Amino acid sequence: LFLAVCAVGIGGTFQYGYNVSIINAPTQHIHRFLNETWTSRYQKELNPDLLTFLWSVIASVFSLGGLCGALIGGSMAIRLGRKGALLMNNIIAILASILMGISFPTGLFELLIAGRFLIGINSGIGICVQPLYIGEVAPKHLRGGMAMGSSIFLTGGILTGQIIGLRELLGGEKYWPVLLSSSCFPAFAQLLFLPWFPESPRYLLIDRGDELSCAKALKRFHGSSEYRREMEDIQRECSALDGEKPKKPWQLFTDRGVRWQLISVIVMTMGQQLSGINAIYFYATYIFEQAGISAEKIPYVTLGTGACECLTALTCGLLIDYAGRRYLIIGGYLLMTLWSMVLTFSLTYQELYSWVPYVSMTSLFAFILSFGLGPGGITNTLIAELFIQSSRPAAYMIGGTISWLSFFTIGMLYVYFQNGLKQYCFLVFLVECSLVAAFIFLVIPETKNKSFLEIKKEYHKLNFGRN
């Protein structure tokens, strides 16, 4: 089970974290490449406004690709299987790496845009299909910890990208095309290791009706003495579905039986993206500068933020099946509310006392730790648990679409929002985090150690207004 999480993670959410992270290091080198390419092609200097536009396209086309990936990920998981969809996804990553790698020697910045779009599609599919696979192969008592594998690999990808993007490694002027095309290595690793593992047992029995292959897969994952309990659970779910086919995303919106599960997914995914974590990274450089850290050393201090996220994802993975989902996610949002308040005060009075910048720096790391401990990891875990087999792929498509749309919107509008409100933007995040915490407290039940059918029953009263 542990090796299966590693095999799906390396080509799944790791790719997302890695590709979000590596684009920051070569910013200046890509600007120079765009200028030189434009000059040699049109014999005139590139207009600064056009340069800014081209750079924003290169940076934000990744999230548009992610949106497309989220829209097709669920369908791929139904048609090709969870494992088949992940394996096919690596072809997209390898093609993207080739396009980004040859953009510099060919002098075609358009290939860079196409490559970033394709690696976005790869990331969107990975984020959609990987939690599906992990959630379906995990036994009840380990489901939370295993599902946290998605978050652990995502934060591990961010940290790896930050390290490899250092100027001493691949962040220098000579090597930036190699840095952008290095995402082919996780893809090759998954193509090498994932074929050794079985397809999702739930997919094999419920979607394919292949009881023999399901039993064989369960024996591999749970051992020949323990697999029967899981087999009975899957058979109960299969009987409850009574031959129901996998649903399309638009069918969930008209299905009263999943109304509040769907509202929960929408609130949690939007809450995660709009929680202020992006603002924290935007402010990080300013906060470090105010604390007296020199500009050359800031990239190394920034590694601390990636390490923080990675550490909390691992901690959350260890705690989730012990403490439960509700305590961790509500606690995470409430702590983020507290640190938003502290950050607003410390950034307002930054110049007043010499020790205030250190309060800001401590709050910044505390905010990241609070995010990783709750919303960062548990959101995806809960999406897998709130739906039964026929609705789960469509739910991930909806959740992924909302997540990528929120991510893209923040990328486009956040600078204007921050310029208008300055440090007071954290008061908006304070309200948002407290409202999401209140919603989860009132609506979402504890899912620890419960089967998918038991969780469905918990929502029955909310959906139909009766027991």
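Cβ coordinates come from backbone N, Cα and C, glycine included.
Marked as domain 'Major facilitator superfamily (MFS) profile' by TrEMBL: 5-448.
Within the chain carrying the transmembrane segment (53-73), a Cβ under 8 angstroms from the stretch's Cβ atoms is held by residues 16, 19-20, 23, 27, 30-31, 34, 46, 85, 109, 112-113, 116-129, 393, 396-397, 400-401, 403-405, 407-408, 411-412, all 6 or more beyond its ends. Sequence annotations record features per position, and here TrEMBL assigns transmembrane segment to 53-73 (among others).
Residues 8, 11-12, 15, 33, 73, 76-77, 79, 111-112, 114-119, 121-122, 125-126, 129-130, 133, 176-178, 180-184, 186-188, 190-191, 194-195 of the same chain lie 6 or more positions beyond the ends of the transmembrane segment (85-105) yet place their CB under 8 Å from a CB of it. Here TrEMBL flags 85-105 (among others) as transmembrane segment.
According to TrEMBL, the transmembrane segment annotation covers 111-134 (among others).
For 146-164 (among others), the entry in TrEMBL reads transmembrane segment.
What TrEMBL records for 176-197 (among others) is transmembrane segment.
Residues annotated as transmembrane segment in TrEMBL: 262-286 (among others).
Cβ atoms under 8 Å from those of the transmembrane segment (298-320) belong to residues 21, 25, 144-145, 147-149, 151-152, 154-156, 158-159, 162-163, 166-167, 280-281, 284-285, 288-289, 328, 364-365, 368-369, 371-374, 376-378, 381, 448 of the same chain, restricted to positions at least 6 beyond its ends. Look at TrEMBL and you will find 298-320 (among others) tagged as transmembrane segment.
According to TrEMBL, the transmembrane segment annotation covers 327-349 (among others).
Marked as transmembrane segment by TrEMBL: 394-417 (among others). For the transmembrane segment (394-417), the list of distant contacts is 59-60, 63-64, 66-67, 69-71, 73-75, 77, 124, 127-129, 131-132, 246-249, 251-252, 258, 261-262, 265-266, 268-270, 272-274, 278-279, 282, 383-384, 386-387, 425: same-chain residues at least six beyond its ends, Cβ to Cβ under 8 Å.
Taking Cβ pairs closer than 8 Å, the transmembrane segment (423-444) reaches residues 260, 263-264, 267-268, 271, 274-276, 279, 283, 325-326, 329-330, 333-334, 336-337, 340-341, 343-344, 347-348, 375, 382, 386, 417, 462 in its own chain, all 6 or more past its ends. Positions annotated as transmembrane segment by TrEMBL: 423-444 (among others).
Residues 1, 5-6, 8-10, 12-22, 127, 130-131, 134-135, 137-138, 170-171, 179, 182, 299, 302-303, 306-307, 309-310, 312-314, 316-317, 320, 372, 376-378, 380-381, 384 of the same chain sit 6 or more residues outside the transmembrane segment (146-164) yet have a Cβ under 8 Å from a Cβ within it.
Where the transmembrane segment (111-134) meets the stretches 176-197, 262-286, 327-349, the count of C-beta pairs under 8 angstroms peaks at 176-197. Using a Cβ-Cβ cut-off under 8 Å and counting only residues 6 or more beyond its ends in the same chain, the transmembrane segment (176-197) has close neighbours at 3-4, 6-8, 10-12, 14-15, 18-19, 22-23, 25-26, 29-30, 83, 86-87, 90, 93-94, 96-98, 100-105, 112, 115, 119, 122, 164-165, 170, 220.
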